Amino acid sequence: MESPLSKTTHLTSSSNRWFRWRNRVNRLSGLSGTTETAQSQVSVGMGLLAGSTVMLLTVIWGTCVIVGRCNLHDSVAVDGTITKGFSLTETGVSTDIWTCYAARIMAVSVIPFIIVQLPQVLNSTSGRHLVVLIALIVSVSMLVSYCLYQVIQPWIQRRRLAFAKHKHFISQILVHLKKQALGKLLTDDGEPNTEIIKKLFETIDENRDGSLSHSELKAFMIGIRFEEINFDKDDAVIKVMADFDTSHDSVVQPEEFVKGITKWINEAKRTGGAYLEPNSGTFKFIDRFYQQTKREHDLLGPEEQSDEVVDRVENPGWISFKAVLMLLLGTIIAAAFADPLVDAVDNFSDATSIPSFFVSFIALPLATNSSEAVSAIIFASRKKQRTASLTFSELYGAVTMNNVLCLSVFLALIYIRGLTWDFSSEVLVVLIVCIVMGAFASFRTTFPLWTCSVAYILYPFSLALVYVLDYIFGWS
């Protein structure tokens, strides 16, 4: 029979193990231990955050442009074609419009940095703790919003692609009808030529029954070569019926045909503009409408990419739950290894006489981003718009998560432990690189080879800026 003393000893031992485990977790997470240790952890973390952001948007970004370059034709990269070597202006990469949106989101994600830095900018010592809390709330809100956007983005992408595809489909039918009408689809003042449209109706109406059936419209569609879009003829007929058959009797009457074509022409005029060629004296807005819808369709990315996205979000609820779990797991792992990482950085810094900040700003990003760099470069080397779009979107997405997730962790630690936010040089570097590259990538989808020089120049500039601010002017 176990004695009361042995029971007490056993309970005491279990209690000690529990307290030792709890203290170890608290110390590793930065929630316990000395203030100096927690401050050191945040300092290394901020250096790693800034260094990762700079490396992703400069060295890795520029390298992806080099390895992914293709010949440029009409300011668009031709998939898999590289015959012009390292031409700075005639080779480059092209991305879709969604990559531009990712770059804009990345640029917006620096807002919490600006908020938390306001007291330093205003040289104010009051209210800094409150400002950290406000920045934390904004950062967490942006993190949640970004995650929700990632969930609903495939649906938005499919809808926009379908809309652009429909507009391009309309433009190609108008171009075909214009050829059938020998250029007389429009009157001299650029308005729809009703008489010609009626004659086109009679041409399509093979059985001369005064209405267009599904089979007659399909026969007409077979004569059109739909370029750049994979359009099923039955699907095309359904779309025409939906636009023209206002009486819902499954046939298109002459007045419905005239009204439908007139609506399409007016839409082309609004989009393409009633542009008059000075030499030929004819209106060219239908051709311009075709070119614009083609470009819009191309910018939204290839259809197979959209299909791939659909497959990935068959169970959005489970994927969202899994994503949250992965975020939590990543945060726990980062907290668990924070203390050993700080010790390793300090020891390496002491052994090499290199300032610990530069170790975290230069050496750690090289190690932590190596797999992402290799993956991005391999993807870019496939030399396709689709893979280039995925590559650069991943880079912008990684920086966005740095700016909202990692910053949220640091701000929470600073607020809970009452630490000092004193990272002016890191914030300035992050702001400069994110805003410059974000603005650079937000309004263009093609990057000639010369653009990689912008990224490569930013990297040494960032290092020099940190050195000047930290070790000459005393910013920290």
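Using N, Cα and C of the backbone, Cβ positions are placed for all residues, glycine too.
Caution: TrEMBL annotation is automatic and unverified by curators.
Record features, source TrEMBL:
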- 192-227: domain 'EF-hand' (DOMAIN)
- 232-267: domain 'EF-hand' (DOMAIN)
- 44-67: transmembrane segment (TRANSMEM)
- 101-118: transmembrane segment (TRANSMEM)
- 130-152: transmembrane segment (TRANSMEM)
- 319-338: transmembrane segment (TRANSMEM)
- 358-380: transmembrane segment (TRANSMEM)
- 392-416: transmembrane segment (TRANSMEM)
- 428-447: transmembrane segment (TRANSMEM)
- 454-473: transmembrane segment (TRANSMEM)
Feature contact check the transmembrane segment (428-447) with the transmembrane segment (358-380), CB under 8 Å, 3 or more pairs: no
Overall pLDDT of the domain 'EF-hand' (192-227), taken as the mean: 81
Proximity verdict for the transmembrane segment (392-416) and the transmembrane segment (454-473), three or more C-beta pairs under 8 Å: no
Non-local residues, at least 6 beyond the ends, that sit with Cβ under 8 Å of the transmembrane segment (101-118): 131-132, 134-136, 138-139, 142, 146, 149, 392-393, 396-397, 399-400, 403-404, 407-408, 411, 421, 424, 427, 430-431, 434-435, 437-442
Helix-strand-coil residue split for the domain 'EF-hand' (192-227), DSSP-based: 20 helix, 2 strand, 14 coil
